[in-house]
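Novice: TrEMBL lists these features:
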type	residues	note
COMPBIAS	14-32	compositional bias 'Low complexity'
DOMAIN	191-196	domain 'Serine/threonine specific protein phosphatases'
REGION	1-32	region 'Disordered'
Amino acid sequence: MSSYSDSPPPPSSIAPTPDTTVSPSIPTTTATTTTTTTTLLAEENPSTTLVQQQVVPTLTWPDNSELDLGWIENLISTFDWSSKNIPPSEFPSVLPVHVFDSLILTASKILHKEPNCLRIDPDDSSTVVVVGDVHGQLHDLIFLLNNAGFPSHNRFYVFNGDYVDRGAWGLETFLLLLAWKVFMPHRVFLLRGNHESKYCTSVYGFEKEVLTKYGDKGKHVYRKCLGCFEGLPLATIIAGCVYTAHGGLFRSIPSTPSKRSKGKKKNRRLCFNSEPKSLSLGSLDELSRARRSVLDPPWEGLNLIPGDVLWSDPSMTLGLSPNKERGIGLLWGPDCTEDFLKKFNLKLIIRSHEGPDAREKRSGFGGMDVGYTIDHVVESGKLITVFSAPDYPQFQATEERYKNKGAYIVLEPPHFDNPNFYSFEAITPRPQVNPYYDYVDVIDSDEELDLVSMVTTTSDGS
C-alpha cells in the first residue's frame, strides 16, 4: 500500500465544534460573488432583461495544465451559478467538452496508479476529514467543504464513494472532486462506491444526466466517466488504525492447487473456489491483489472482493453470510468487526453506503437522522457508518421526506482514532430541476439488485 505524508505544514484554521448541528443558513463566498455580479450588471444597464444578465462563465483549462486554488474556487462558483441559471442542456457552454476531457484524463492517470488500499499517514499537525455518500447533491457538498475547511497541506480528505446518481448534479459533484484530486493528489483521496458502476448509473440517473447535459457528446462523456470509475481505489488505512471503505468488509478467496499429472511441479496452477463451504474474512493482502478495474464488480466468479467492499453491510447476527437483500456482497456481524480490527491492529472501521431509506428497513440499527451511526462497539474498537447527503434522496416519492441531516467525521492527532462528528442540514431551497430517473418506481435502498439487468448492462458495448 502506498503511503502519503509530508513535512510539517502550516497550522490549520479553527474547526467547528464537534457533535453539533451546523446551520447552512450563512451564504458561501461563491453564492455572494454570483449575486454581486448580477447586481452590477443590472446597475450598469437598468433596462437589461433577466436573460441578458445571465452572462455564462466558461471554464478554461490552464495553459500549463496545473490547477491552483483559484481555479478550483472558480469551478465551484461556476457550477453553483450554472445549476441555478441555465438549463442542463446548456452545460457545455460552462464546461466545454475539451475542458472536461483534460480534467478527467489528468485525474484518471492519477487514480489508476493508486493501489487498491491507500495508506495515509498524517503527521501531528494534520487532521483527516472522512466524507460519506454525497449522491449528486452539489450544494450540500459545497457547504461541507466550506464548513470543514478546504483540503490543504494539513487537512486530508477521504471520500467514501457514491458521488453520482439520484441527485441532479452528479456530474458537477464528481468533476469538482476530481479537480481537488488533481490539485492536491496527496491530500484528497477518492474511493469507489457501488454507484460508480455502469449498472447503477444506468438505473439511478447519472447516465441520463450526462446525456442530457452533453447531448450528442454525452456518450463520449459518459464513457470517460465510466473509465475513471474503474480507477477509483477501494479502501484506505488512516494513521495505521482506521480502515475506510464504501460498504465495508470482504471475504477471503481461498486457493487450492489444481490437480496435475505426477512429477510436473513447475508452474503449478492455482484454482480459486469462489463459493467456499464457509465464508471467512479476507486479508489486506488479498484486498491489495483484487482486480478493481471492472465496470461492474462481479457477484459471482473469482473476483468477489471489489463487490464485497462496495456492497456489503453490517449485521447484528454473528458471522459472515451472503447479502441476500442486495444480491451482492456480504453481511458481517460484530464478531467479524472485532476479528478484523484485532487482526490488523485497527481501532475504527468507517463505512458509508446506507442512507435513511435503507436504514429504516434494518432492524437493530439506528436511523440516519443525524448523518451517522455507531453500529458495532467491540473490544478492539468501533464500526461507524457516515452518510453525507442531507435530506436524501433529493427526489422522494413518499408524502413525508426523511429530512435527515448529513454528517462528516474529523480525525485528529495524535492517534486519529477518536472520531469527531459534525452534522449539517441541507441547503435550501434547492434549484428547481427535473429528476433523471424514475424515482417513484426505482427502489431507493438498492435492495433486490437486478442481476439480469446487470449482466445485460455490463455486456453492452456502449
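Placement of Cβ uses the backbone N, Cα and C atoms for every residue, glycine included.
What you see is a predicted model, and the numbers here were worked out from it, not measured in a lab.
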Novice: Do any residues of this chain, six or more beyond the ends of the domain 'Serine/threonine specific protein phosphatases' (191-196), have a C-beta under 8 angstroms from a C-beta of it, and if so which?
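Specialist: For the domain 'Serine/threonine specific protein phosphatases' (191-196), the nonlocal Cβ contacts are 133, 135, 158-165, 204, 206, 229, 232-236, 244-247, 292, 297, 306, 310-311, 352-353, 446.
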Novice: Within the domain 'Serine/threonine specific protein phosphatases' (191-196), how many residues are helix, strand or coil going by DSSP?
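Specialist: Across the domain 'Serine/threonine specific protein phosphatases' (191-196), the residues distribute as 0 helix, 0 strand, 6 coil.
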Novice: Which whole-number mean pLDDT does the model give the domain 'Serine/threonine specific protein phosphatases' (191-196)?
Specialist: 98
